[in-house]
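The next block holds one structure in the form of structure tokens; read it before the comments.
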């Protein structure tokens, strides 16, 4: 009886213990999720409270399969630690901690995409019961940079259905990335024409492709389109963008513009005029310009009018024909070509005016603009205005006058006329700066004589002794004639230039003075055997410097010899006259009784190799007695 009661007591205690254990539970704390990049290491912590310690605690790790079943991957109690074989985690997991501190950590190496599961930590205690916690493992992969492609063909606003604009694509991301289209920084989220395609690659990563289809408007020609890609990373999200693209939009013209591209400002005859005609659309169209009923198709929307005249003035109509809608729009521009007719000078060409009378001439040119007139002579302005008046004309008035008519408003617009004025009257010689000329002996001098007058005067050259000089042919100038003559200087000379026509003559004199540069002295003495005086006669001979330079010492020797011969001849003549009694009324037999002092006598001492006798002559040609020798 006692034994049976004891058995009932034991059974009751066991039932009571089991019932109390069912009511009791171990408190387990775990994170809701753990996030990690693919290929990295994930650590899942399991924290719990138990009074049993290591000896009374059992720890198990599970994961939930895709079908919802539990799969045991790890077991641990006070006696053993076991990683279950045959699971995807067998070689990649480990558990750190014994549970004594109230927590263990499940470590998963080289996390894979398929590891994105729910992991369960189960704790069983002898006295505290059991409990479990759950953590979801999230795996991430950063996608490649997104790309965008635009359709190369343009888009017409006249198309009724949406057009394919472009495609954005992002590859190999996990979880699936999101693509958003933008137009000028405005998202096109509500656009129903965005087609999104998601592809799972064999690696388990996601590639997303988004195609934008829309009906374009004219404003889209300046719009920039791009894609924004959002993808997930541990702890949040990230964003990247594609480059901006612009699309070609074709739209018809609603207005045209026409203008003169060149020249800038007013147009004159002879210019090349460049007309431009453009529409504000960009669809294929035909551009033309109509003038005076003639239509010209444009090349590059431009018409060039070369060497325009006043006949090119008028209205030009720019036309644009849209080849899709066949609608034509036009705009006009008025072109005016300014003109300046040739200058008309009255009297024409040449006018002859008598000296002292009045000269009057007019110059006019018909123009579409205000003109300015000026008269020029020899390049210098002499008068402003249309009328040229010169009272009491002189020979200086003669010449060519140029009438210049200009249009101040347009640079280079000008015309001119000429008038030749001849003044009838007595010639007038233009006196040079110098009429007195010095020139070296035997050189030539060039004389020039310029004379005004009409009819053109004839110029002659003469010397003071009446000799006519031969001059070069006369040179006809604009209002004068010029004559040139060359004269060789052999002595001082006076040359006269005479200019004459039917009205009279004018003359001018040139004085030419011959000059020398150097003087040399040649002294030659000839001594006879009988001399009555020690004085000698010195003879000076002037030789032109040029000859001295050319002939040198040989010329000097020749001159000395000539002088000696002349003195010898002179001595012979004097001696002959003395013998005949022709000198001083004495006969050749008279004696010299009058004594002459050496101071008063001029003695010629002559010496000859062929004469042994020396003849000494006094100033009167008398023979000196032997006693005076």
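Cβ coordinates come from backbone N, Cα and C, glycine included.
Per TrEMBL, the feature domain 'Ig-like' maps to 24-138 (among others). Note on the domain 'Ig-like' (24-138): mean pLDDT across this stretch is 91.
Marked as domain 'Ig-like' by TrEMBL: 146-246 (among others).
The domain 'Ig-like' annotation in TrEMBL covers 252-334 (among others).
The DSSP breakdown of the domain 'Ig-like' (342-420) into helical (H, G, I), extended (E, B) and coil residues amounts to 3 helix, 45 strand, 31 coil. Annotation comment: TrEMBL describes 342-420 (among others) as domain 'Ig-like'.
Each residue of the domain 'Ig-like' (427-515) gets a DSSP state, and the totals for helix, strand and coil are 0 helix, 60 strand, 29 coil. Per TrEMBL, domain 'Ig-like' is recorded for 427-515 (among others).
Residues or ranges marked as signal peptide in TrEMBL: 1-24.
What TrEMBL lists as transmembrane segment is 555-578.
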